[in-house]
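What TrEMBL lists as region 'Disordered' is 240-280. Residues annotated as transmembrane segment in TrEMBL: 17-34, 55-76, 96-129, 141-161, 173-191.
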Amino acid sequence: MSTPLEYYNSLPPVSKFYGMACLMTTSALYLQLYNPWIIALDYTLVIKKFQVWRLVTNFFFLGPFSVPFAFDLIIIARYGVSLEKGTFDKRTADFVWMFIFGALSLLVMAIIPILSSPFMGGSLVFMIVYVWSREYPNARINIYGLVSLKGFYLPWAMLTLDLLFGVPLMEDILGMVAGHLYYFLTVLYPLSGGKYIFKTPIWVHKIVAYWGKGSQMNSPVDRDPFAGVAFRGRSYRLNGTPTRPAHHGHQDQDHNQRPNHQANDNGGVFRGRSYRLSGN
């Protein structure tokens with residue numbers, strides 16, 4: 001069995017980032033570092049006071065430490081990771097776009113007062129469940145080790161359990177709507193003969209390329225070769241001569257052809273004719 005650190009390092013970047021962001025948000029609340037209503041979705045404050053961060057931060061709060069919070073993290077770790085390693089393998093930008101599209105869809109639905117919620121993270125997590133169920137409809141899953149069913153019925157089974165446990169269903173239903181809208185535009189409509197126009201925007205490719213995590217097949221943007229590099233530039237030895245990469249063979253030849261008086265400088269700070277105190 002792998003250690004927790006090995007498991008953490010094996011997680012794909014997008015699912016890891018979202019899961020850790022949600023965990024850190026709840027941990028900060030547990031430590032009483034902030035008031036949760038500062039990050040809640042409130043269109044009145046967004047419009048009148050330009051608190052635009054609320055459009056993003058509300059998706060990272062899955063509630064306080066509790067059993068539902070643990071289930072949401074398990075969903076990200078199981079079904080989010082399964083999607084990212086399976087359907088979206090080497091399609092990191094497309095997976096990021098799925099999250100962004102889902103968030104945008106939920107924000108539009110939240111404009112309607114009856115559908116609004118201060119925190120839409122649970123709906124975004126349920127969207128992951130719905131998309132997974134459509135991508136793996138024949139996968140066998142067990143519910144509490146009691147019921148075995150196909151993956152296609154997973155969202156409906158979870159919806160039924162929430163109904164039996166008295167959990168409000170609006171959060172799950174909004175996630176299903178967002179997930180079905182994404183799946184319809186990216187899979188069902190093109191398969192029915194429609195033109196595939198729902199491509200991942202170029203700016204999403206640029207963000208992923210700059211981030212330097214994951215990979216994207218046939219990406220229109222080259223990955224940033226310096227992603228994750230803190231310092232760039234030429235390095236120098238203590239004797240003042242610049243270091244040279246080993247693969248730059250032509251530079252080594254040029255260095256060997258330099259005049260001897262440059263090679264014998266030895267990194268001296270002051271160079272020129274010396275004089276004795278007598279003036280000679």
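Yeah, the Cβs are placed from backbone N, Cα and C, and that goes for glycine too.
Long-range Cβ contacts of the transmembrane segment (141-161) within its own chain (Cβ-Cβ under 8 Å, at least 6 residues beyond either end) map to 126, 129-130, 132-134, 169, 172-173, 176, 179. Across 17-34, 55-76, 173-191, the stretch most heavily in contact with the transmembrane segment (96-129), judged by Cβ pairs under 8 Å, is 173-191.
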